[in-house]
Amino acid sequence: MGDWNFLGGILEEVHIHSTMVGKIWLTILFIFRMLVLCVAAEDVWNDEQSDFICNTEQPGCRNVCYDRAFPVSLIRYWVLQVIFVSSPSLVYMGHAIYQLRALEKERHCKRVALRSELETMEAELAEARRRVERELRQLEQGKLNKAPLQGPLLQTYLAHIVTRSVVEVGFMTGQYLLYGHHLEPLYKCEREPCPNVVDCFISRPTEKSGFMVFMQGIAATSLFLSLLEILHLAYKKLKKGLLDYYPHLKDDLGDYYGAKKNSVVHQGRKSRRRPADSLRSWRNRATDPQTPRQRTSLASSSRRAASDLQI
């Protein structure tokens with residue numbers, strides 16, 4: 001298999017500029033696709049032509065039957081699938097790096113402007129001078145690792161998710177139309193120059209069928225994560241729009257989460273005090289001289305004393 005280092009390095013850069021769901025998608029791509037293709041799948045499928053046996057000696061018959069049984073090598077098909085599914089991420093990464101460079105340039109220009117403003121500022125303007133120094137210190141200390149996911153960059157991110165989802169569906173459909181979900185151990189071939197119907201035998205059909213189902217399952221999982229990421233971004237965009245349109249909702253949510261946090265803390269403190277209280281009450285009962293048995297005996301002796309006085 002070819003060297004995956006170049007594609008892996010690019011996808012690691014995409015990992016920095018992705019959401020949490022996108023990072024999970026990239027992890028599945030690395031581990032369950034690229035790693036499986038490099039380690040296991042190639043060893044299973046490298047004998048598909050050499051061990052494709054047909055019960056005929058007719059020259060050329062075995063080759064044309066193999067071409068009919070395996071129109072596209074599945075191992076190469078999956079490699080193409082990984083490349084095409086990853087390609088939209090390269091476009092997004094280019095846009096993200098461009099946005100990051102633009103933000104860094106903007107921060108640099110702002111730092112230069114603040115330094116010049118600080119040099120020309122009079123000494124008696126202490127408050128304004130401290131404010132400028134604080135802003136300059138924040139700009140010099142903070143380092144941008146990723147561009148904020150908003151505006152045109154958010155549109156590019158959504159477009160790349162939709163594109164890779166469409167490509168994923170296309171490759172899943174293509175594999176199903178070419179091979180279905182499993183391979184039969186016996187393939188009957190009727191094609192020129194074969195003299196008649198020829199029986200051909202596929203090596204390790206069960207193991208290969210298992211890999212086919214596995215790769216289709218991973219593709220379906222990746223597709224589900226892509227759709228989930230679209231819903232996640234839509235929810236965040238809708239929530240931000242509602243909070244911007246109704247500013248009082250932000251204060252209400254802050255009060256709600258603050259009260260919920262305080263109640264959780266109060267319950268935790270109460271649960272921590274409860275064992276101590278129960279232990280203290282147990283000690284009081286243990287040291288109390290008037291246990292239930294003692295109180296019963298005292299009551300009976302009081303009744304006997306009262307009856308003696310009456311007599």
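A Cβ is built for glycine as well, from the same backbone N, Cα and C atoms used for every other residue.
Record features, source TrEMBL:
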- 20-41: transmembrane segment (TRANSMEM)
- 43-76: domain 'Connexin N-terminal' (DOMAIN)
- 77-98: transmembrane segment (TRANSMEM)
- 111-145: coiled coil (COILED)
- 167-233: domain 'Connexin cysteine-rich' (DOMAIN)
- 213-235: transmembrane segment (TRANSMEM)
- 264-311: region 'Disordered' (REGION)
- 295-304: compositional bias 'Low complexity' (COMPBIAS)
Going by DSSP assignments with H, G and I as helix and E and B as strand, what are the residue counts for the domain 'Connexin cysteine-rich' (167-233)?
42 helix, 8 strand, 17 coil
Under the DSSP assignment, what numbers of helix, strand and coil residues are found in the domain 'Connexin N-terminal' (43-76)?
15 helix, 2 strand, 17 coil
Model confidence over the domain 'Connexin N-terminal' (43-76), averaged pLDDT:
84
